[in-house]
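Chemist: Shown below is the structure under consideration.
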Amino acid sequence: MYMYLVRHGQSYVNLKEWEHGNSDEPLTELGRRQAEALARWLPTQAPHIDALYASTMKRARETAEPLARAYGLPIRFDDRLREIGNNRLDHTPWPEHALPREYADFWSSARPFSPTMKATADAESYMHFRTRVGMFIEEAVERHAGETIVIVAHGGVFDAVFDHVFNIGPWRHCEVWVHNTAVSKFEHVDHPYRERWRLHFHNSIEHLRGLDE
């Protein structure tokens with residue numbers, strides 16, 4: 001299985017002056033142009049894909065929509081691909097009106113099972129987040145053996161994917177830098193004795209060349 005992992009385009013939550021904490025916001029005008037540029041470029045690298053997945057958050061959905069048009073495929077939305085802190089312990093999304101706003105130990109680097117949000121019952125820890133992302137990846141491997149898929153998600157999901165596929169233990173954390181609409185290509189190799197993951201490239205933003213910011 002080949003897996004192209006894409007971060008969403010620039011959203012209002014990515015702006016330096018943003019002061020509204022953790023919320024489900026759409027793309028900026030630049031983010032929309034980034035998404036359109038991505039939809040023109042990715043089919044030149046992966047002319048055929050078998051499935052297009054996306055987080056249910058607005059910024060991921062709006063990034064995936066141009067790709068859906070380019071490939072002529074429906075978007076398969078999955079709550080497990082939402083950004084860290086946006087789901088509860090049972091992996092279901094917080095309602096927008098109840099979404100926690102104040103972070104505690106966001107990445108839980110010292111306490112991987114501690115809540116990411118302050119004084120919030122049912123707030124997920126980093127390991128809950130990593131578990132839900134890992135569950136999605138394992139299901140994708142089983143469902144799409146020998147196929148090619150695209151996943152549109154978030155920066156935190158990139159970290160969780162790296163932690164999961166490269167077997168980073170709970171007391172360590174792989175933090176990877178990812179530009180808005182950057183693409184990373186993974187390959188899952190089905191081996192009779194042990195599975196293998198290969199990283200072909202990471203954080204590719206070739207499609208953003210010449211795009212005014």
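Keep in mind that glycine also has a Cβ here, set from the backbone N, Cα and C atoms.
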Chemist: Based on TrEMBL, name the residue from ARG33, ARG40, ARG59 that is recorded for the same substrate site as ARG7, HIS8, GLY9, GLN10, SER11, TYR12, VAL13, ASN14.
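Modeler: Candidate in the recorded substrate site: ARG59.
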Chemist: Could you check what DSSP calls SER11 (substrate binding site) once collapsed to helix, strand or coil?
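Modeler: Where SER11 (substrate binding site) sits, the three-state DSSP reduction gives strand.
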Chemist: Counting every protein chain present, what is the number of Cβ atoms, excluding its own, within 10 Å of the Cβ of ARG59 (substrate binding site)?
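Modeler: Around the Cβ of ARG59 (substrate binding site), 29 other Cβ atoms lie within 10 Å.
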Chemist: When DSSP states are folded down to helix, strand and coil, where does ARG59 (substrate binding site) land?
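Modeler: Going by the DSSP assignment, ARG59 (substrate binding site) falls within a helical segment, counted as helix.
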